[in-house]
Amino acid sequence: MDRCVPDVALTTQIPAAVRDSDYRPWCCSDPGTTMSSCRWRPGTLRKAVRRNIPILTWLPKYNLDTFVSDLIAGVTVGLTVMPQGLAYATLAGLEPQVCGVQRLYSAAWGNKVVVPLGATTAAWGNKVVAPLGATTLQIRLGQQRYRAAWGNEAIALLGQQRYIAAFPSLLTKYGLYSAFMGCFVYLILGSCKDITIGPTALMALMTYQQVVGRNPDFAVLLCFLSGCVQLLMSVLHLGVLVDFISIPVTVGFTSATSVIIAVSQLKGLLGLSFTSSGFVDNVKKVYQQIGETRLGDTVLGGVCIVILLLLRKLKDVKLGPKDDKPSERQRVLMKILWLVSTSRNALVVIVCSVLAFTFHTSEKGLPFLLTGNVRSGLPPFGLPPFSTVIGNQSYSFVDMCSELGSSIVLVPIIAVLGNVAIAKAFASGHSVNATQELLTLGLCNILGSFVSSMPVTGSFSRSAVNHASGVKTPLGGLYTGVLILLALSLLTPYFYFIPKASLAAVIICAVIFMIEYEVVQPMWKSSRKDLIPTFATFLLCLMIGVEYGILVGVGINIVFLLYPSARPTIHVERKTTHSGKEYLMVTPGNSLYFPAVDFIRTNVGRVGVKQGSSQLPVIVDCRFILGADFTAAKGIAALIDDFHKRKQPIYFYNPSPEVVSVFKGANLEEFVHIRSEEELDFILQAHVEMLQEGCPDENYSMLPALELKEITTSVANGTGHYSGQRPDTVGSPVDDDYTRTPLLKSSAPRAEIRKI
């Protein structure tokens, strides 16, 4: 290991006996290095550890009041996330889907035949259709009604042979599997006390794009790979990539996904059953099957939506006169109303489940579809699936990655975008460490994949509930996670009775408020061109898919960002020095990189010919050119050559050292730059004198080098006098009223004209 560099400032936290001793720290291999000269001192390491593990900062200050606040907030969020987790798992395509062999979880059937008995066989009469390979078999169950949800096996007669029909757990439990691991990881590494990590509607939709037609192994692997990408981004400090997704693109993307999610829940709301592959396909199949709408599901779903919307407004009810301070009783009632409003999803799902159980025990039968069996118990802990089998086809890790495609990159970036946005919203004036959020979110997804989680990120709705509940530290996530684990262990048998229409209503009421139509009007008034990426992203997400829509939106934004670099504004002024020498001042309005080279060369050359009559010297004001590249240097060399061919001088005024360095590295010998108005006046005077004396054509290119060794002027510090007609400012060709910047004057007693 390299020897540590001595540090002058000694750490006061280190005891003097230790600091002044000859003890050699573990980080230094040099025997001569002591604790006092080591830059990796315990105080520095302690700060670094606390910065990267925030729990070490707030946990020592934890007290009883903080515990009570976090407990209330954690339980409240837990009551919110449980119905949402079940609903989002359904949205992600992780519901009981054994309607085809390609959806089977396990490929090792042995002598077992999997049949989709669903909740009860009564839904299909006395026959159940079971897909087996490419052949469809009809399995008679006689007059006996089997409730597959309550047994692990059902006996099916296949000809004269008896087979055991197994029921794999392709169930909504994946939503709850995704809800607890992020809580435990974020309480240790998270930097924002309000954020709750778990399944969201957006992540569920993007997961559905990869699960449809496949099995849940792809969702779990996507979770693992998303975490790896986020972890790599944090190590490489690539959080800046999120900045390329602008607000207009985000508005179009979130609005489109909200519409897609809401439309995808119409089948649950109407009691339909089909599989779709996108927004257009969803609308088409709803239209085709609208005649099969189940009245019970439709009525239940509509009533749930109305109740959820009413309960959502309940928390805004104010008791008593507005101007009077509420009494103690009023405060308690308002707190109860707030709690009821916050727990509205759980309350609606519980009431609907009780209603379903009542119908289930009666002889009338169920008027609506149920979620189905959810196997109880905690998820198995193990490596994510790096291979899988769908039907008779095996998929290796490479094959699965190929199937996931661009979602391996897009899903983690979208997750980070949402998580950082939530952290900023609840930062309360504090700065947000995007790198720390990347690290935390990456570990949440990596560890979550070990418990069969789908990709997760911060939930804005649950984070708002957490904040409103008075959470004090990230430890509130511990109580949320524990509540979810208890639900998985004890309550999963009762999830069977949750109606699908109620879950669809929960999702619809959660996403309709994500449609950001209110920003269109201010965007129209502020910057109308921003509406182009907004509507392009919105429409393309609906038509061709969210992953392609956001890519196109970002691409349009990048084009808008790069266009000024390719076509910079060029302002031209005819000016006169204090000695009466005329020249043309050309001011490009942007950095000089390869997209703009030909444009600047063409336009500056045209200015020299038309306005300068191929005679007036042209001065290129480089104050706004903060950078350049090799292609630009070669383009400027060609521009200088064009001017020399028609015997017209061209000089560059006040370029930055970075630009000069680029041109010098490109061996641009004819590039002459000047730093002050006095130098400009001198070189123009020298040019006139050379023309008056006569100069051979072959020596014209040496005109700029006349007496350029080192010319001393009589310019005092900052007192250079200028009496010409030059205006004190440079205006814009688009708007002359913009903020004007005076030309720089020399502050050095010696002015040098430099030629590379």
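Cβ atoms are placed via backbone N, Cα and C, with glycine included.
Given the ranges 93-118, 249-274, 301-326, the record in TrEMBL names 249-274 as transmembrane segment. The transmembrane segment (218-242) makes no contact with the transmembrane segment (503-524), as judged by fewer than three Cβ pairs under 8 Å among residues 6 or more apart in sequence. Between the transmembrane segment (332-359) and the transmembrane segment (174-198), fewer than three CB pairs separated by 6 or more residues in sequence fall under 8 Å, so the two stretches do not touch. Contact between the transmembrane segment (438-456) and the transmembrane segment (174-198) holds: at least three of their C-beta pairs are under 8 Å, each pair 6 or more apart in sequence. Per-stretch counts of Cβ pairs under 8 Å to the transmembrane segment (404-426) identify 174-198 as the leading one among 174-198, 249-274, 476-496, 536-563. If you look at the transmembrane segment (476-496), the same-chain residues 6 or more away from its ends with a CB under 8 A from one of its CBs are 69-71, 73-75, 77-79, 81-82, 85-86, 119, 149, 172-173, 176-177, 179-184, 186-187, 190, 193, 196-197, 353, 370-379, 466, 469.
Residues of the same chain lying 6 or more positions beyond the ends of the transmembrane segment (536-563) and with a Cβ under 8 Å from any Cβ of it are 205-206, 209, 244-246, 248-249, 252-253, 255-257, 259-260, 278-280, 405-407, 410, 414, 529, 595. Distant neighbours of the transmembrane segment (249-274): 90-91, 201-202, 204-205, 208, 282-283, 285-286, 289-290, 292-294, 296-298, 301-302, 368-369, 414, 417, 500-501, 503-505, 507-508, 511-512, 514-517, 519, 523, 533-539, 541-542, 546, 549-550, 553-554, 556-557; these residues of the same chain sit at least 6 beyond its ends, with a Cβ under 8 Å from one of its Cβ atoms.
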